[in-house]
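Worksheet: the structure to be examined is printed underneath.
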Amino acid sequence: MNRKQFLQQVTSFIRSKPAQQYVEKELNQHIHHAKKAWVDKGYQEMEAEALAVQHMGNPMTLGKELSKVHKPKVDWVIIVLVALLFACSFLPLVGSDSMLWRHVLHIGIAIIIIICFMLLDVQRFLKTRFIFYAIIALFALLLYSTHTINGERIFFIGSLGVTVWHTLLLFCIAWAVLFSNRAIKLWRALFFVGIGFLVIAVTGSMVTLLVFSMMSFVMLLKGHFERKQKMGIIIGAIALITISILAIVSNHVFQPYQLDRLQGFFHPVEHADGSGYVYLRINEVVENAKWFGAIETDFFIEHSTDFVFLQLIKYYGYFVGIAVAILLLGLIARMCKHSMHQPASFAKLLIVGASTLFATQALYALAMGVGLTPIIGVPLPFITYGLTPTVMNACLIGLVLSVYRRKSYIFSN
């Protein structure tokens, strides 16, 4: 049996084409090294290859074993955690039938998206540049849009509003492609990140800017760059944060209404009749909440949006709030686990980006819900009502599941 016949028999037991290519490449390397060893012992080329193939073992047995190794996998822990979060997301909507049925539709769409992304071979993104073009097109629409909501530019396609928030998923994929390329220089990577930062800042979305900055910073640190370069990134980030704080203190960055909100957060008592009122009432709810059940208060909480976590604590008690927080933290930990101890590959960076996007939203929204951070409208993943945040987070979960499904070979590509 020659090499070609041996490889065909082995790979015929493996269903996935990318896995077949990976196995064929690995076996070819083993046969090549074994053949070289036999040639060095004085055997002819043909005879040496036959011996190398023979020592690889029975192709049927090997094929069946490798088929088990490369069988597509499903992370049921992530799926169960997401399902529990979906169930908890209905709690803030109890009593609102119209929103409840729309939320059922949102959850249905999210489930379909998760399944589609899980089945998608994410390595296809490496062979296309459409992600970069899509980002440019979205930015062009937003920059020329005359519509604004709360200072943030928005472009309408019929009744569907497109904001810069929709570019975060595209940036995640684009950065994974870019930062996993060993030919890319650090200055070029920083240039692209800087352009993205400036354009997002122009569109007026502080929430998107926060999430984008955190995602880009973590993905740069997890890229293929040298340790000295990564230390430079950390020092640069500290310098930028320091400059930003000084700019805020000197009132040169935010608009007057934004500064008023910040002052209300830091000095709620002094601004009790204005921007500090809501923070005082949040503290009141948190301090008076029970472990189980609702509390009596005249503080009206905005239904299922910025204060969705506070709403859970107010109406269902600390137990439910802590349970939701544990589910989110468990999901973040599970997502991060899949990228640990892996080389700086496209697959690893994709998980790192998706995990950072998800974690930044979850951690900030949890803190915002109990008054620990300023209110800037960060959604709580899978709990906040709305199609846009639900769909984006479903895409992130789908990407992680897609990588896990192919984990036996994808981290080596």
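Positions of Cβ are set from backbone N, Cα and C atoms, glycine also.
It should be emphasised that the depicted structure is a prediction, and the values quoted were computed from it without experimental measurement.
In TrEMBL this protein carries:
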type: TRANSMEM; residues: 74-94; note: transmembrane segment
type: TRANSMEM; residues: 100-119; note: transmembrane segment
type: TRANSMEM; residues: 131-149; note: transmembrane segment
type: TRANSMEM; residues: 155-179; note: transmembrane segment
type: TRANSMEM; residues: 186-203; note: transmembrane segment
type: TRANSMEM; residues: 232-254; note: transmembrane segment
type: TRANSMEM; residues: 315-333; note: transmembrane segment
type: TRANSMEM; residues: 345-370; note: transmembrane segment
type: TRANSMEM; residues: 382-404; note: transmembrane segment
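Between the transmembrane segment (382-404) and the transmembrane segment (74-94), the number of CB pairs under 8 angstroms, six or more residues apart, is three or more, so the stretches are in contact. The stretch in 74-94, 186-203, 345-370 that contributes the largest number of Cβ pairs under 8 Å to the transmembrane segment (315-333) is 74-94. Among residues of the same chain six or more beyond the transmembrane segment (74-94), those with a C-beta under 8 A of the stretch's C-beta atoms are 100, 103, 107, 110, 114, 118, 303-304, 308, 311-312, 315-316, 320, 323-324, 327-328, 330-331, 334-335, 338, 381-383, 385, 397, 400-401, 404-405.
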